Amino acid sequence: MATAASGPCAGGSPRDILWRVLGWRIVTSIVWSVVLLPVCITAFIVLSSINLFHPIQWLSDSCNDFYSSQVIFHLLLLAVVIIIISIFNVEFYTVVPSISGSRLALIARILHPQQLTHSFIHAAMGMAVAWCAAIMTKGQYSSLVVPCTGTESLDSPAAQTCLNEYHLFFLLSGAFMGYSYSLLYFINNMNYLPFPIIQQYKFLRFRRSLLLLVKHSCVESLFMVRNFCIVYYFFGHIPKAWISTALDLHTDEQAHRPLDTIGGLLNVSLLYHVWLCGVFLLVTWYSSWILFKIYATEAHVFPVQPPFAEASDECLPKVLNSNPPRIVKYLALQDLMLLSQYSPSRRQEVFSLSQPGGHPHNWTAISRECLNLLNDMTQKLVLYQEAAATNGRMYSSYSVEPKKLSSAEETAFQTPKPSQTPSVPPLVKTSLFSPKLSTPNVSSPFGTPFGSSVVNRMAGILDVNPFSGSPQSPQLIRRGPRLWTHTSDQQVSAISNPSPCASVTAEGKTVRQPSVIYSWIQNKREQIKNFLSKRVLIMYFFSKHPEASIQAVFSDAQMHIWALEGLSHLVAASFTEDRFGVVQTTLPAILHTLLTLQEAVDKYFKLPHASSKPPRASGSLVDTSYKTLRFAFRASLKTAIYRITTTFGEHLNAVQASAEHQKRLQQFLEFKE
């Protein structure tokens, strides 16, 4: 198992912890990207000057070109480009994918200022790569300005230089490919870092991706060349005329046909070299991206116990219970999962007692954070079910009044008493919920990329629509209806536009009825919404995919899966390794949390579209595993409960739990779940 050793625990800010954990990984991935660059340049030079009829001369000329000063200069320039691309990979990575609920939300995300900056920089870097590739190709592609070949141009000294449209075509194609790469980077969630299920050595992971990388680059470059030819056919005359005017160059149509015509674009040599330039660009950029993913998701070992009491900020219990960068939290939970399965010595540190005092601080901190994460998931599932059951309306008692951490900690370790009769079902007990972490929402079709609404941050599943009025009643949080709905106009008006004049205040005073003008405005707005909902183009951009909201609920489920596996493995190992019985004191709370979550998951998967599996793209360089995280989470939850029940067996009958949970626990003991 390939893991990275960590240094001693040390204090510092979250950014310091991030740099200590990821700093050397980032630098190493950039160094390897630059080291692989000469190999890519060599392959490009050999393939760009291919000559099958004279292979000896072809290979000797390629070797001479590689050692020329011109190629060495381009190597240094391309190394700078790779470093800039790697920096953008570091700045834009995320461990939680961004899921857009509609096409308009996706467009809004792409037009975010940060994404636009990313696209423009990549377009400029793509043009720089194309310039280097054009010069290394030599021949008719190496220069922007060439002598005119016409006899009329030789008579006038001012008309002796002409624009080389081949070189211009190269430069513009590089900018187009760079922009297309950036566009696909966000559309396909390529900034998402998927953590490997099985830990492997970095070399093996890169070697496994190498063939797929080359294949993907060749195919994607082919499509980019096709798209660029279409764009250049319609708009190629604009940059050509602008550059000719700015540099006072003439167009030599006698040397070759203009490239913004069908005959000019049917140049096999030009298309081949542009396609090869695109393959070279994509291979180098994708290599940098893959190397960063491999190094960033490598397992990191966090020490369980600090060597000194004042240096504990980088230790596992402290990292889990603090608010570090999200990737550090993911690495800590991954380390918890690994130590719970493969490290008996570190498990003993988790079960150990503090000296002096004899308190299980390590186990308390780790189990508390795991239970908080699982309770958060239960809360999100209940909120989603309530929203689906009430057609977008949701009671605010689950999220408006969050508990403090201390209260959540006390409740998490309190043994549930069967004699207590709750006033609400166990799934919606707010005492079990911890608002510590939240899941990114499905983007609203009208939501701007500059921020999210308060309702979205609280519930994590609500849709925001500017057509819907803000909720006036303090007892309800309402989700604005979609642009199209199957309910009648009166129902829509009653659900989405609660009149402030028709509500009852907290003191019981009735507010006057709405005025005629207010009712007229509401009716006109409903008529406009109904009119727009019948337009196909509006439907195309504003329609919400039901799969998107489902994926958003489980977008960060990977850390919940690790919390489940780590907690269940530790509980199972405590049956034989826990000498002090620290786990037994919290076993009722753990079982209560797991069974409550199991009930919420079972109800969730009965909702429409929840059980439908999206099509799985096999053999693709782009990872889409986040689309099926809900199925992995359900399987991990059931496996975690079975892991505990098979280990403790009939001893669990002595655990104090409610009658409903005792019945569910018995089903697991009898393998009937």
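Every residue gets a Cβ built from N, Cα and C, even glycine.
Mean pLDDT, taken over the topological domain 'Cytoplasmic' (1-25), works out to 66 on the 0 to 100 scale. The topological domain 'Cytoplasmic' annotation in Swiss-Prot covers 1-25 (among others) and is backed by sequence analysis.
What Swiss-Prot lists as transmembrane segment is 26-46 (among others), and the listing cites sequence analysis.
Feature annotation from Swiss-Prot assigns topological domain 'Perinuclear space' to 47-71 (among others).
Annotated transmembrane segment per Swiss-Prot: 72-92 (among others), in sequence order, evidence recorded as sequence analysis. Remote same-chain partners of the transmembrane segment (72-92), defined as residues 6 or more beyond its termini with a Cβ less than 8 Å from a stretch Cβ, comprise 26, 29-30, 33-34, 37-38, 41, 114, 118, 121-122, 125, 128-129, 132, 135-136, 185, 191, 284-285, 288-289, 292.
The topological domain 'Cytoplasmic' annotation in Swiss-Prot covers 93-115 (among others).
The annotation transmembrane segment is assigned in Swiss-Prot to 116-136 (among others). Cβ atoms under 8 Å from those of the transmembrane segment (116-136) belong to residues 41, 44-45, 48, 65, 70-71, 74, 77-78, 81, 84-85, 88, 92, 142, 167, 170-179, 181-183, 185-186, 273, 276-277, 280-281, 284 of the same chain, restricted to positions at least 6 beyond its ends.
Annotated topological domain 'Perinuclear space' per Swiss-Prot: 137-166 (among others), in sequence order, evidence recorded as sequence analysis.
Annotated transmembrane segment per Swiss-Prot: 167-187 (among others), in sequence order, evidence recorded as sequence analysis.
As annotated by Swiss-Prot, topological domain 'Cytoplasmic' applies to 188-226 (among others). Taken through DSSP, the topological domain 'Cytoplasmic' (188-226) splits into 25 helix, 1 strand, 13 coil.
For the transmembrane segment (227-247), the list of distant contacts is 144-145, 163, 165, 168-169, 172-173, 176-177, 180, 259-262, 265, 271, 274: same-chain residues at least six beyond its ends, Cβ to Cβ under 8 Å. Positions annotated as transmembrane segment by Swiss-Prot: 227-247 (among others).
The topological domain 'Perinuclear space' feature in Swiss-Prot is assigned to 248-261 (among others); the stated evidence is sequence analysis.
The annotation transmembrane segment is assigned in Swiss-Prot to 262-282 (among others). Here the transmembrane segment (262-282) has Cβ contacts under 8 Å with residues 40, 43-44, 47-48, 126, 129-130, 133-134, 137, 141, 166, 169-170, 173-174, 177-178, 181, 214, 216-218, 220-222, 224-225, 228-229, 232-233, 256 of the same chain, all six or more residues outside its ends.
The annotation topological domain 'Cytoplasmic' is assigned in Swiss-Prot to 283-673 (among others) on the grounds of sequence analysis.
The feature phosphoserine is assigned by Swiss-Prot to S407 (among others).
Residues or ranges marked as phosphothreonine in Swiss-Prot: T415 (among others).
The feature phosphoserine is assigned by Swiss-Prot to S438 (among others).
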Quickly jot the same-chain residues contacting the topological domain 'Cytoplasmic' (188-226) by Cβ under 8 Å, restricted to those at least six beyond its ends, or write none.
-> 1-3, 89, 92-98, 173, 176-177, 180, 271, 274-275, 278-279, 281-283, 286-287, 289-291, 293-299, 327, 330, 334, 338, 558, 619-623, 625-626
Restricting to the same chain and to residues at least six past its boundaries, which positions have a Cβ under 8 Å from a Cβ of the topological domain 'Perinuclear space' (47-71)?
-> 41, 133, 135-138, 273, 276
Sequence-distant residues near the topological domain 'Perinuclear space' (248-261) by C-beta distance (under 8 Å, 6 or more away from its ends) are 145-146, 148-150, 153, 158-159, 161-163, 165-166, 169, 232-234, 236-237, 240, 267, 270
